[in-house]
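The UTP binding site annotation in TrEMBL covers K121, Q184, G216, D247, K390. What TrEMBL lists as substrate binding site is H217.
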Amino acid sequence: DFSKAMSQAGTSQFQEVIRQELEYSMKVELDKILATAPSNELEHTKNDLEGFKKLFHRFLQEKGPSVDWGKIQRPPEDSIQPYEKIKARGLPDNIASVLNKLVVVKLNGGLGTSMGCKGPKSLIGVRNENTFLDLTVQQIEHLNKSYNTDVPLVLMNSFNTDDDTKKILQKYSHSRVKIYTFNQSRYPRINKETLLPIAKDVSYSGENTECWYPPGHGDIYASFYNSGLLDNLIAEGKEYIFVSNIDNLGATVDLYILNHLMNPPNGKRCEFVMEVTNKTRADVKGGTLTQYENKLRLVEIAQVPKAHVDEFKSVSKFKIFNTNNLWIALSAIKRLQEKNAIDMEIIVNPKTLDGGLNIIQLETAVGAAIKSFENSLGINVPRSRFLPVKTTSDLLLVMSNLYSLNAGSLTMSEKREFPTVPLVKLGSSFTKVQDYLRRFESIPDMLELDHLTVSGDVTFGKNVSLKGTVIIIANHGDRIDIPAGALLENKIVSGNLRILDH
């Protein structure tokens with residue numbers, strides 16, 4: 001036993017030496033990069049690299065999945081409230097004074113690359129020529145006009161989206177919404193083998209674009225604080241932020257949730273509220289809320305030990321998932337940030353660059369901080385508050401007559417007889433937005449659709465109606481043109497169908 005203990009001690013000592021060497025080498029490389037920063041960027045770059053150094057230090061310390069599966073428990077009954085219960089309280093007469101304490105924050109760091117678009121994803125047209133950003137501004141402007149309030153919009157950009165977003169913001173200069181921006185950090189990607197940065201200097205244009213990345217939306221706490229904007233908003237009397245992804249079209253300001261935060265029934269305010277919603281088969285990978293060491297904790301699939309992944313995905317055991325619509329107290333962010341007490345698990349995101357180099361990105365997720373806040377709460381909201389547009393299949397749904405658009409908000413059409421959204425799977429010929437748009441002369445009537453699968457070279461004429469389950473498969477080399485005015489109800493179409501103009 002003695003020799004075993006000695007060899008274990010030796011191993012951990014050896015690992016510690018390697019860790020220290022890696023940290024030292026990283027520090028040397030980061031100092032070299034910092035030395036190339038122009039004086040006007042020095043302070044900013046220094047902040048970014050300091051933040052990265054802390055994250056890298058934690059990455060070297062942690063081993064294996066970050067949760068002990070045996071400690072995971074179901075959350076206590078009252079820690080996840082049904083939305084109906086919160087709505088039943090109604091609204092106070094002075095809802096305007098409550099709204100004036102709110103700031104809307106949209107996570108706007110992402111590019112539209114997964115949908116074949118260049119530039120910020122928020123600038124993709126989603127409905128009647130309106131972009132994600134247009135719809136967001138319309139929603140908040142409608143609030144401000146209806147209640148005579150001053151709810152500002154804050155965009156967290158990344159170095160990828162900042163320039164393009166700022167150019168477009170000029171078009172809202174006459175709208176009744178104050179818009180602020182701040183940038184999330186810029187961290188160096190590291191070589192998977194050497195664990196050293198692939199960047200040689202601070203520039204991030206040209207061939208250096210691949211050397212840097214925005215470190216996930218968990219970076220919001222530090223960046224918001226460092227930008228000075230957090231302090232300014234607190235000085236203006238703002239108390240809560242409502243944070244959501246800009247591509248989630250269901251994430252509108254909810255007055256009932258806001259009232260619950262500002263006027264809690266038990267007199268004790270929540271510092272952090274996470275909107276969760278019931279899982280369907282499509283959401284089995286979504287992060288879930290659990291009770292862990294007497295705190296509410298968000299557990300993501302990447303943190304789950306391999307042996308328990310199937311259990312994690314079970315819709316019966318873990319019934320809810322995180323929508324990433326979050327309500328957070330500004331004073332709490334300031335307090336925790338100043339104490340360096342916001343604890344978020346590290347997500348290691350491996351990627352292969354165009355040249356074939358394997359790199360890793362160290363990231364964090366905004367919702368993972370829930371365990372650092374006091375008196376956190378989950379609210380189980382209707383599915384309609386989770387309407388993300390990640391693919392052209394999602395885009396087809398929100399462009400269709402399933403939804404009506406009013407003051408920037410999409411609501412499910414009253415003509416649809418059941419509240420669930422159809423399952424839509426468009427094949428790879430539709431992945432890019434421009435290809436997708438070319439394949440639909442007009443968006444089909446989908447009010448009575450349950451399921452649509454399209455694969456291969458398929459186009460749709462004007463005024464097509466889809467009902468029930470529709471499967472259209474053009475085999476390799478074949479093409480299917482669905483004729484104008486066609487009604488497809490519970491149909492499988494395969495083979496070759498060309499409609500030729502004569």
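Heads up, the Cβ atoms here are built off N, Cα and C, so glycines get one too.
K390 (UTP binding site) sits 16 Å from the residue listed as 'substrate binding site', taking the Cα positions as reference. Residues listed for UTP, K121, Q184, G216, D247, K390, cover a largest CA to CA span of 21 Å.
Checking the binding-site residues (K121, Q184, D247) against H217 (substrate binding site) with a 10 Å Cα-Cα cut-off leaves Q184. Within 10 Å of the C-beta of Q184 (UTP binding site) we count 27 further C-beta atoms, all protein chains included. Within its own chain, G216 (UTP binding site) has I347, N349, E363, T364, A365, V366 as residues 6 or more apart in sequence whose C-beta sits under 8 angstroms from its own. Residue environment of D247 (UTP binding site) contains 22 other Cβ atoms, counted within 10 Å of its Cβ in all protein chains.
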